[in-house]
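**Student:** Questions regarding the structure given below will be posed in turn.
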Amino acid sequence: MSTVAPPADWRRLDPRTVLVTALVVAGVVAGAAVPLTLGLTRWFSLPVAVLQVLAGAVLVIGVAAGADRVRWHRTRYRIGQEHVDLHTGLLLVKRRSLARDRVRTVDLTANPMLRLLGLVTVRIGTGEQGSESTLELDPVTRAEGERLRRLLLDRAATTPAGGVHHEGELAVLDPRWIRYAPVSFVAPMLGGAAAGAVMQVSEWVGAQGQVIEWVGDRFRETPLLWTIIALVLAALVAGVVGALGLWIEMWWNYRLEREPGGTLRVRRGLFTSRSISVEEARLRGVDLVEPLGVRLLGAARLDAITTGLAKDHEARNADHNTLLPAAPRTRADTVAADVLREADTPTGATLTPHPRAARGRRLRWSLAAVLGPVLILTLLGALLTPVLLWIALGCAVAAVPVAVMLALDAYRALGHALSGRYLVTRSGTLRRSTAALERAGVIGWTVKQSVFQRRAGLLSVTATTAAGGGAYTAYDTDASEGLTFAAEAVPGLLEPFLERSPRGA
Amino acid sequence: MPQGEGETVRLRPPRNTLNERAVGWWRAQWLLMTAVPVVPLAVLGALIEPARFWLLLPAAVLAAAGTATAVLFPLWWFRTHRWEVTEDAVYVLTGFFWQEWRIAPMSRIQTVDTVRGPLEQLFRLATVTVTTASAKGAVRIEGLDHEVAADLAERLTRITRDTPGDAT
């Protein structure tokens, strides 16, 4: 490659990327340097060890910065009339080109380091699977990131017409929503992770035995049951604190806006700021998600059902399609209505309940799941030792009511309806999901019926779609009613394959 | 609403059955699958004198079960697998214990693939797979006569090419 400056329409990344890389590597090196220096003092005097480590650190940082300098030098991008081009590569030059009319998302991310310098990482995606469909510009200035976002997503022609129209801000963070953070499933997981991390780190430094001994000492006088309760409580507290921290990092400065040109934009993040844009022409509906704990507090989260959101690994971890964090249900409904440009949200529509037979199925499933292990315990108890019989009894007494309650709740969750331009399906108990899918977005039907469902006069109707999870199902509907629902949802598609006969014939 | 009108609504079976040779193709598949454990067991049984009974017994049981399945079940599968292509949609029914009807509208079809595995070639059969933009909406028709499959694929490709839109 020549060293002459690129033609005017080609642009370069921000040169401060070299500084960022150097600082990041310096941070990593600093972390490794302390134990290394301590290790080296076994063979060398302290000043010598420090000098050696310093020399090594300078070398590593220099190489990393140099490599990044070369990458910067060889990277250039161009927003043409038809295409977005990116030339990059350290050793081999990769030339990649995306058609501009296929660009679906332009997401801006900035970690604390980049934010300090006023830089952002831009990811331009077509929403297809695989990393080949995403161009990453790492980093450019924030102003340039905003310019790219506007330039690539502003297509006046795609603005959906009609409906209730709210431009500008649709929702901002209410700090009180943080009360929903500890009841999410994240909290117990983080608690477990904290306990695991203590064990792991202590094992690395060879002190795991001491840690266990120390904990044992604290509880020498207390009975075993209290010890377990105290430890579980400690893990839970750690989990709650972790969940609160995670929530603040994820959702601070949250703001949902509608921009001219028909784009929804979510901005959020305390340390790492993220900006995620969803083109409204790609929006096929919303999914109102109520995890059990959040639902008990009367709150719900709102996800977008949209085609062409980045589906790669990184995006999946980052709650990419969440439009609204867990917020009071009425607030979530309002935001859903605003997002869909409807007067009333379809997720709040009155749903057709499913037949009683569906309740029986759920009760049988959950009781089988509980009583299976109990039965095995009983069998082993009868053969081996009566202690197991008591354990089996305890398990049954504790778990059966929970199983029955969950089954009844799962049955209550079932429902489906047509509401204006949308079809709505609801199901789930630990994670209740009310999905409102645009009827025009349905690209096929799958109807399933097991032998048991056939005997009970039930079936499951699945609408397949290019957006979101790919399929939304109304489980265990009445056989006739479910098919009529599907036939009415998308006129003409299912009708030719239906047979109608008088009831009882 | 059907309840109000006192009607029951059912999905009618698709009009076409698969090619009769599909029965033979399924039988061949099952016999091959049965042969995978049976042949080594039988060979070992023939070679290893002391363990002969304990090797030949499972071999015989597996062979009997596999052969019975291969003889009887394909006849039944033949009746439960049906397909139909209208001007507007592809419609397929599979399964008996877990019946599954799949409907993909012509206007949303993205790709049409015809696959002929080695066994299928032997029976002059082919599998047509129709995919839509949904990750979960693919429709497969297995065991078609290969000429029917080729005509079908060509027809589907022509219709979908003439249909505007990006099928999402």
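The first residue you see is number 1, and the count goes up from there.
From the backbone N, Cα and C atoms, a Cβ is placed for every residue, glycine too.
TrEMBL: automatically predicted annotations, no manual curation.
Taken from TrEMBL, the feature domain 'YdbS-like PH' applies to A:72-144, A:411-479. Among the features that TrEMBL reports, transmembrane segment is placed at A:18-38, A:44-67, A:185-205, A:225-248, A:365-384, A:390-411.
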**Student:** So what's near the transmembrane segment (A:365-384) in sequence-distant terms, Cβ-Cβ under 8 Å and 6+ beyond its ends?
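**Tutor:** Distant Cβ neighbours of the transmembrane segment (A:365-384) are 390-392, 395-396, 399-400, 402-404, 406-407, 410.
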**Student:** Residue list, the transmembrane segment (A:44-67) vs rest of chain: Cβ under 8 Å, 6 or more residues beyond ends.
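**Tutor:** The answer is 18, 21-22, 25-26, 29-30, 33, 36-37, 90.
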**Student:** Check the domain 'YdbS-like PH' (A:72-144) for me and report the mean pLDDT.
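**Tutor:** Mean model confidence (pLDDT) across the domain 'YdbS-like PH' (A:72-144) is 83.
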**Student:** Let's see if you can do this one: DSSP helix, strand and coil counts over the domain 'YdbS-like PH' (A:411-479), in that order.
**Tutor:** 13 helix, 44 strand, 12 coil
**Student:** Can you name the far-off residues of the same chain, 6+ from the ends of the transmembrane segment (A:185-205), with a Cβ under 8 Å from a Cβ of it?
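**Tutor:** Residues packing against the transmembrane segment (A:185-205) from afar: 211, 231, 235-240, 242-243, 246, 291, 293.
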**Student:** Could you give the number of helix, strand and coil residues in the domain 'YdbS-like PH' (A:72-144) as assigned by DSSP?
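**Tutor:** Residue counts for the domain 'YdbS-like PH' (A:72-144) by secondary structure: 17 helix, 37 strand, 19 coil.
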